Structures are given as C-alpha cells and as structure tokens.
Amino acid sequence: MKGKVWIPFYIYIGTFSEKFHFSQKLSYNDCVQILIARYSGFCEGVERAYQIALEQTKTGQPVFMLGNLVHNTQVIEKLKSLNVKTVKSVAEIPAGSKGTLLISAHGVSPQVYEEAKGLGLGIIDTTCAWVKKAQRIAEESNEEDRTVIIVGDKGHAEVKGLVGWAGGRAQVIENIKDMDKIGGGKVSVIAQTTQAEEHFKKIVAAIRNKTKDVKEFNTICGATSKRQNAAVELAKKVDLILVIGDKMSANTKRLSELCSQTGTATHQIQTVAELDSTWLKGKTKIGLTAGASTPDWVVQEVVAKLGPAQKEKKCWFKALAIIILLCALLGRAQASVLQHVRYGDYKDKLRAVFDFDGSFGYETEGTKDKIVISLKDVDAAANIENYIELNDLVVRHFEIQKETNGLKVTIPLLASIEYTVFPLDNPPRLVVDFGREFLNIVSEGTVADGVELLSAKKGLAAGQINASILKVDLNKVEVKPALAKKTKPNIFQSFIDIITPWRQGTISRDFFLDKVVNIVNDHNAVAGINGTYFAPDGQPLGSLMIDQELVSFPIYDRTAFFLDQENQPYIDNISITSSFKLASGIRYTISGINQSRGSSDSIMYTPVWGETTKTNTQGLEIVVKKEKIVGINVSNSIIPDDGYVLSINGPGVETLAENVKVGDNINTSIRVIPYSTSPQSIINLISGGPRLIKKGRVYISKYQEQFKSDIAKGRAARTALGITKNRDLLLITVDGLPKKNKNTKENIGVTLEELSNLLLSLGAVEAMNLDGGSSATMVVNGRTINKPTAGFQRRISNALILKRL
C-alpha cells in the first residue's frame, strides 16, 4: 500500500475520494470552468474494502469475494485481473479450498456468514460501518418482536443482507406505492445506506400515518448525504453536470436523479468512452461528481478527456499540472518529523496514531505476523523511542528504526487480524486501526488413539476467549456419562447436613460429588469433561442414562446428547413416557425416577438411588423383580439389586392396594422419545441445554427450555459438546473470568451466542450446552487442561468420559 499526503494544498493525489474537501474550481482567464463536487468518488468504507482486497492479493493465497466488492465494473475487472474470484454464493466455493474469503462492503445476512464460516477459510469482513449499524438495529428490533421496514431497493445486496438480520420478517419499501404492504403493530424503520434523505423522510411520515408504534432509525451514510448535497449544490451552479459511476451502483443512480431534479442537464456515464462531445457545446460551466463506488482512475480519465474536448479547456488542465508539480517540489523540500506516537483502546479496535509536523509519504507491507510501514523522507523527534510497549492482546509493541531515507515502523502481531492504514491531514498524521476479531486454533497433539486435543483463542471487541477442545473419533473411543462415587463428605456437604437435618432421611447417599479427575480415574477413562446440572446433594437435574439404565428424568424436555448401539451420536430434545400395568389391567403413570416422592407422585427407585427408598409412611410401595411383584410395603422399602421399587402416593392409592398382591405379574414401560431423530435404541444419554446449533445453524433454545438468566445471559465459563458433519464428537470447555482477577481481558468467558459461533468455526453441525461456571472442567490423562474459575476443580455429580474401546 502506498500513500502520499501533500499538506500545502488541499488536493489529495492518489485516491479521488472524500479527500476532496471543497468545490475545486479549475479555471483560468477565459477558460471554460470545470468544477468538481466537494465530496466525490470512493467513500471511506469502499476505499477500505478495496485496499484490503488489494492487500490480500499480495499474500499468494487464493482470494474469494462473496458478491461484488462494490458495484463498479472497472473495480471488479481490476480485482479479477489480480486473481480475485467473485462468487455469488458460498456454495460456489469448492470444498477444501484454501485462502481467504472477503465479505463485500454491502454485507451479508447472518445465515450466509455462518455458512461461510463452515468453509474453513480465513474470513475478512469488509462490510461498511454504516451497513453494520443498520444490521445491528435490524437484529435488535427483531429480538424486540418489531417488524423491520427497510426503505431501499429490493434487489440490492445490502438490503438482502438486512432482511436476514431482521430474522426474515422484514418488509422492503421502495416507494410510496409499496405502502399497501404496511399493517399495524410495532415497526422499526431503517434505510438502505445510500438512500436519499428526503425520500426516507417521506416514507417514514407515510408509515406514521398507518401505525402509531414506530421507531425511526436514519441509517443513511453520512458520507452519502454529504455527497448528495454537494452534487445538488454544484448542479445548481453549472450548465452541465456529469455523474460518473456504474449503472449497477444504487448511490450513483441516486446522485444522477437528484442532479436531474435541479433542472440542470445531467448525464450519468460509466467510463470516459461514454462521454459525448455534443453535450459540451455551448457550455461554460461543467460540473463533475462521482458515486461512492467509482475509483479515482475512472474519474481521472474523464478529467483528461475533457482537456482536448474544447481548445479553451487545455489551459486549466495545464494549470492543474503546474499545481501538482508545485506540490511535489514543496513536499520534498524538507523532511518532516515524527513528533508523537499515540494509541488508544476503542470498543472494537486498537488505534495507533503517528503525528507529523509536515507532509510525509508511506508504504505498507503486511503479513499475518507483522506490519511494516516505511515512512519516506521522515525523521524522528528526540522523544521517539525505538521500542514502544503497548501490552495489548493483538499488539505488544512497536519498533521504530532509522533508515537511509526515512523511518521503518515494525509492528509484530500476536494474532492474524484485520487492520487498516490511512493518512489524515489538518494536522498531518498516519492512523493504524487494528481489529480485535481473530480465531487461532492449534493442535496440541493426540492424547489417545482417536482423541486429539486442540486449543483455540478467539478475539472479540470485549477481549479474548480461551477454549480447550477434544476432537473424538467415535469409531475408536467409547463416550458415556459417569456418576461420582462415594467419598468422604466435604465441608460443604457436612454443613448441608447440619443445617437441614430433616432432609437426611430423604437425601440419596448414592448420588455423590467428586472432582472430574477422580471420576475419570475411577472409571479407567483417558479423559472427561463435567456433565449435566445437579443439585447440592449430587442428584442430576435432567436426563441421565448409563448403559441403558435410566438414572433420572428430563426437565422441560431439554436438549440431550445420546448414542445408539452403533455408537452413533445424536443431539435432540427428548421426552419420556412411563407407566406400569397391573395384572388386573389397570395402568398407572410413573411421574419420576430416583427422586424424592411428593404428595401425589408415582416414583420408580432403582439401585442407583441407594439401598432403600427413604420414603415416609404416607404411600404404597411395590417391590418388583423380573416383572413380578415380590413385596408390598408402606415406606422405605429395600431396593433389590436386580429390580426396582414403585412408590405411589396421593389419590388412587387405596384402589391400587385393592388390586395388587405379591406374585402378580406387572408390566413396566419406560420410553425415551426424541423429538426429531429415530435411533433404534439408546445406550447412553446425558441432557443439558440449551441447544446451540441445529442443522448447521445457530439455534439457541434458552427460552423454549426455560433456562434462568444465570445460564441464558451474560458471559461465563462454559462446557459444551458438538457433532461434526463426519460424526466426530467435539467436547469443549471455555475459561471464564478468574475470581482473583476479574479485570483481565485475557479470559472473558463466553455468551451462548459466542459459544455457538465458536463451535460452528470448529465444524459442528449440531451442538448443545452443558453445566458450566465453576463446574467447567476438562481432564486428560490425569491433568486439568482448562483453567477453572475458582483456581481448582469443583466437586460435581457427573461427567462425560472417554474410554478406549
């Protein structure tokens, strides 16, 4: 990247863009006047996108562009000549492709973005900042259950993306004629960023006449408004105005319409080849403006062509050449001085600013590991140090070295991030913006046959996410839930017993608490993570099945992970139907398993619960072995090792007592029913929730499954699992904020949404959340892999373990 800033004159040599901060009058003596609009050509967002694309072509890796970078044929052809391949959809990119995928300045829907993540390519999002603002508003409005009305062109890429951010329920209004589509209810109105201000206001006024609850968000780009106003202002002063820009450019088309409405002769041209000399006859003042997607070289070609169009015009063109030459001489007359280096932490970026006392030139070379900026004809002030320490998550320091013809600034990068380098004037300075988003995934090696350990660092605006991942080949490893075994009670458990002595007769002492490392070792496993939620006494809260033995019932039919007899993995919501049928034909519903019996419950107790049922005398209990009734008691029955006890209380107990006797056959049925999958049989199962990914897309069921805010919202340490397209299993823990240092940005925890996106990046097509917070733990070969928030492993009820086949 090269740049040059000439301070003595307000003319930007290089990019014909918004650096034109005035109406430049290029006329002398009796020359025909040629006036250029105050704001014209590439806007800052387009310039940034274009420069990023050019930088990527220098890496030697394939570069794909999702949609046209900008709506300009010349730019598209230029990038094509540099081997940038433009694709209309993610599906056009061959599987297994390497390189970088660029998201265009118009942006894409979240669905398309997630599809792109699944390719495994490096993704650079060049979406314009104003478009991102509109996307955020659309997303937030949809979450507030508001209909999003977009004032814009239905077929435009930006608008299509906005419809996706609005959850697919948006309505697009192009003009007043479309107002029939608008109904009542709550609406949010946003604009395509290149719309005309007056047009947007008219539409909003019409909407307010149809419904009362209207939120108006003017998302028209500030640069667009300035460009349109400057073009109209200029059109009123000239005899002819030429609008330079591609026919498919919406903002250029809008410029042409606005200029034409002034009554001045207006012509839109794509290139100099479309310039008609007959338009110029008799004209003494000619105006030029250009759309935001029009590159400088196209405008310069038109300016050059206007020179020989009429004899009088040659004089201003020569004068312009003299000005340029004079600027060059003045710019090189004396080396400028780098006076200060400043940096600041913004919400979504780190910004460094290099302050100069005069004009300067610069060149930029960048790789994924560092940025090198060569400052031409620049000296360093005495206060500028050779080594400037930042201690940021993406940049630790700058190195500044003197060279023969200037300075060299080397900026090592701690992660592969997006960055932009651009000059500013008044006062002269060079700005470097470092993005905060990155994803580095590193293999830590094979820990067992079929088990690979990975680490991931993901950068966000808020800080860094650190994750540990086990990638499991289920053809080589057995995965199953495991319960903690009996150990000496800890201080917490003893305290519970002291303050709630009335519970001791009802609490099962066969549900225990222990550290993940001990659960893994007790079951001769090679690795494991914490499992589902649990009560303080160790009872699992949600479904658990181990080797086809059901341990606990589901809560709110929450999401579960299960494996069939072929060790094939599934993630689905589950429900359970259960009942027992007496010899008399009377059927009773079983309301739970291995849990305290309430006043109107029918509970099944298995040996997992303990030696006895620990129930009161207000019910009836049927002891069953091999589908025969072997005992009938009132309470606290002994649970046979090869059977179970049915404990019933509430209405119907007397009738039950009259219809049951020892020796009778009894038929007990328990069916685990997945919502949408159909395994032949389920061997092992563990529930959790909420669901994170469904069929390759983010799907967070936190509200459907009635999770409270401590799980549903905010950042935390978390544990989750996912299934890849190849049916491999991903087990992941994400570190949270350590209790001893909650101000750090190196371990910020993760939201459910961020966790879902991370799992998508790892290749998951199905995923679910497990218990997290201080429970989040991963153990491999006896070693704790993650960093538990408390600084040590918490005692938990159950784990998901990996055993060699």
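Any Cβ shown, glycine's included, is placed from N, Cα and C.
Curation plays no part in TrEMBL annotations; they are all automatic predictions.
Of the listed candidates (SER40, SER293, SER336), TrEMBL assigns SER293 to the same (2E)-4-hydroxy-3-methylbut-2-enyl diphosphate site as HIS71, HIS106, HIS156, THR193, SER249, ASN251. Under DSSP, CYS43 ([4Fe-4S] cluster binding site) is assigned to coil, being neither helix nor strand in the three-state scheme. According to its DSSP assignment, ASN251 ((2E)-4-hydroxy-3-methylbut-2-enyl diphosphate binding site) is helical. When the CA atoms are compared, no recorded positions among the candidates GLU158, SER249, SER293 lie within 10 A of CYS221 ([4Fe-4S] cluster binding site).
Spatial neighbours are here defined as Cα atoms within 10 angstroms of one another, and by that definition the neighbours of SER293 ((2E)-4-hydroxy-3-methylbut-2-enyl diphosphate binding site) among the recorded positions CYS43, CYS128, GLU158 are CYS43. Cβ atoms within 8 Å of the centroid of the Cβ atoms of HIS71, HIS106, HIS156, SER249, ASN251, SER293 (the isopentenyl diphosphate site) belong to the same-chain residues VAL70, ASN72, ALA157, GLU158, THR194, ASP246, MET248, ALA250, THR252, GLY291, ALA292, site residues excluded. In this structure, the C-alpha atom of CYS43 ([4Fe-4S] cluster binding site) lies 12 angstrom from that of THR193 ((2E)-4-hydroxy-3-methylbut-2-enyl diphosphate binding site). Cα of HIS156 ((2E)-4-hydroxy-3-methylbut-2-enyl diphosphate binding site) to Cα of CYS128 ([4Fe-4S] cluster binding site): a span of 15 Å.
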